[in-house]
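J.: Below you will find the structure I want to go over with you.
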């Protein structure tokens, strides 16, 4: 990745509120499925803004900090996604998005950020990001990048 795009907590909340406004009325949704780990914080923000209490996760591993690696489903939410919003922070090359679409064909799949290769795979997103740009999310940073304590 040649460029970095730094996301601050306040910008993330602004983007999540914008996305939530597009998902109104909230009564049309049974719940939210957050893609772990990138979709956990955006999922919590959407749940708050939409007043949704039913929140589940699908746990998919496809990144090892700066590098993409093989996709692995660790845990999935039940059902085909009907009436659910599936949220991730980013759609990049589309590997995770394809898996999400296969698992939850009836879900409404949204992200905060979208790169060109993955854009056609989501129903909605807020911010366009160039394909060669790495996104630094606020939960991954202190003043400088701070690796997770577990090393994973």
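Backbone N, Cα and C atoms are what each Cβ position is placed from, and that goes for glycine too.
So Swiss-Prot says this about it:
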{"type": "BINDING", "residues": "37, 38, 69, 88, 89, 90, 91, 92, 93, 94, 95, 96", "note": "5-phospho-alpha-D-ribose 1-diphosphate binding site"}
{"type": "BINDING", "residues": "69, 92, 93, 94, 95, 96, 134, 135", "note": "GMP binding site"}
{"type": "BINDING", "residues": "89", "note": "Mg(2+) binding site"}
{"type": "BINDING", "residues": "92, 135", "note": "xanthine binding site"}
{"type": "BINDING", "residues": "92, 135", "note": "guanine binding site"}
J.: Other than its own, how many Cβ atoms are within 10 Å of the Cβ belonging to residue 94 (GMP binding site)?
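T.: Its Cβ shell of radius 10 Å holds 17 other Cβ atoms.
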J.: Could you tell me which of these binding-site residues, 93, 96, has the fewest other Cβ atoms within 10 Å of its Cβ?
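T.: Counting other Cβ atoms within 10 Å of each of the binding-site residues 93, 96 gives the minimum at 93.
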J.: Please identify, from the binding-site residues 91, 135, the residue with the sparsest Cβ neighbourhood, meaning fewest other Cβ atoms within 10 angstroms.
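T.: It is 135 that, of the binding-site residues 91, 135, has the fewest other Cβ atoms within 10 Å.
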J.: With every protein chain in view, what's the tally of Cβ atoms within 10 Å of the Cβ of residue 37 (5-phospho-alpha-D-ribose 1-diphosphate binding site), excluding that atom itself?
T.: 19
J.: Closest to residue 37 (5-phospho-alpha-D-ribose 1-diphosphate binding site): which of the binding-site residues 94, 96, 135, going by Cα position?
T.: 96
J.: Let me know how many other Cβ atoms fall within 10 Å of the Cβ of residue 134 (GMP binding site).
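T.: Result for residue 134 (GMP binding site): 14 other Cβ atoms within 10 Å.
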J.: To the nearest whole angstrom, state the Cα distance for the pair residue 96 (GMP binding site) and residue 89 (5-phospho-alpha-D-ribose 1-diphosphate binding site).
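T.: Cα-Cα distance, residue 96 (GMP binding site) to residue 89 (5-phospho-alpha-D-ribose 1-diphosphate binding site): 11 Å.
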J.: Translate the DSSP assignment of residue 89 (5-phospho-alpha-D-ribose 1-diphosphate binding site) into the three-state scheme.
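T.: Note: residue 89 (5-phospho-alpha-D-ribose 1-diphosphate binding site) is in a strand by DSSP.
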J.: Using Cα coordinates, what distance in whole Å links residue 134 (GMP binding site) and residue 91 (5-phospho-alpha-D-ribose 1-diphosphate binding site)?
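T.: Cα to Cα, residue 134 (GMP binding site) and residue 91 (5-phospho-alpha-D-ribose 1-diphosphate binding site) are separated by 12 Å.
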J.: Below 8 Å Cβ to Cβ and six or more residues apart, same chain only. Which residues does that give for residue 89 (5-phospho-alpha-D-ribose 1-diphosphate binding site)?
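T.: Result: 38, 39, 41, 42, 111, 112, 113, 135, 137.
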